[in-house]
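Colleague: Below you'll find the structure I mean.
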């Protein structure tokens, strides 16, 4: 069973072959434990996937809106359009900020070949991917809250993005404990290289960090949503 896992800021296809005895998974999916309730059966695992997917959809919509607003709101539009001009002129510092995302360090290798991976390992990879955004988004909210003349629309979106990402991570951690109770998880969240830029008193550095963050979370939110949908299909057999 070949699944295409491609992240927007990577080039080339990544094919992931899940070989953790899918026939057993499919059989288990049809017999998932549920809690009997009046009017039907409530499946905690399925409901958690539904909740996480809804949060991921919200995360993606907000990230997309924030990315656009930072380009067109007077608060940041001047700096963002200047950065775009510098990318055209091939300024290496700005090109990197507008194309490289620290979260890529948590991705499966982009080799273009079939990779054997167990469901638990797949979940762990996604946990580290989502977790890589905990610190950057937390500090973005702190810095925006302390910055003069920040529009409420930008600050509120940043807060909602941070909250949704944090809740998705919590859902994924819970799902892992139910899917693979014996699995040992070592969370390794990569360092965001623009954190010092974000905390800088230099206005250009601060906005360059926001330029990188807004680009990457916009792209990564699409990836998170895709992976949640694929995992939901593999583990629960629903919405495939």
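Any Cβ shown, glycine's included, is placed from N, Cα and C.
According to Swiss-Prot:
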type: DISULFID; residues: 34-41; note: disulfide bond
type: DISULFID; residues: 101-216; note: disulfide bond
type: DISULFID; residues: 233-240; note: disulfide bond
type: CARBOHYD; residues: 212; note: N-linked glycosylation site
type: SIGNAL; residues: 1-30; note: signal peptide
Colleague: Looking at the disulfide-bonded residues 101, 216, which one has the fewest other Cβ atoms within 10 Å of its own Cβ?
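Modeller: Taking 101, 216 as the disulfide-bonded residues, the minimal 10 Å Cβ count falls on 101.
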Colleague: What whole-number Å value do you get for the CA-CA distance of residue 233 (disulfide bond) and residue 216 (disulfide bond)?
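Modeller: Taking the Cα atoms only, residue 233 (disulfide bond) lies 26 Å from residue 216 (disulfide bond).
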Colleague: Out of 212, 233, 240, give me whichever of these recorded positions has the highest number of other Cβ atoms within 10 Å.
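Modeller: The residue with the densest Cβ neighbourhood is 212.
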Colleague: Could you find out if DSSP has residue 216 (disulfide bond) as helix, strand or coil?
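Modeller: The three-state answer is helix.
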Colleague: Cα distance, residue 216 (disulfide bond) to residue 240 (disulfide bond), nearest Å?
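Modeller: Residue 240 (disulfide bond) to residue 216 (disulfide bond), Cα-Cα distance: 27 Å.
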Colleague: Which whole-number value in Å describes the distance between the Cα atoms of residue 101 (disulfide bond) and the residue listed as 'N-linked glycosylation site'?
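Modeller: Per the Cα atoms, residue 101 (disulfide bond) and the residue listed as 'N-linked glycosylation site' stand 8 Å apart.
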Colleague: Does DSSP give residue 233 (disulfide bond) helix, strand or coil?
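Modeller: Note: residue 233 (disulfide bond) is helical by DSSP.
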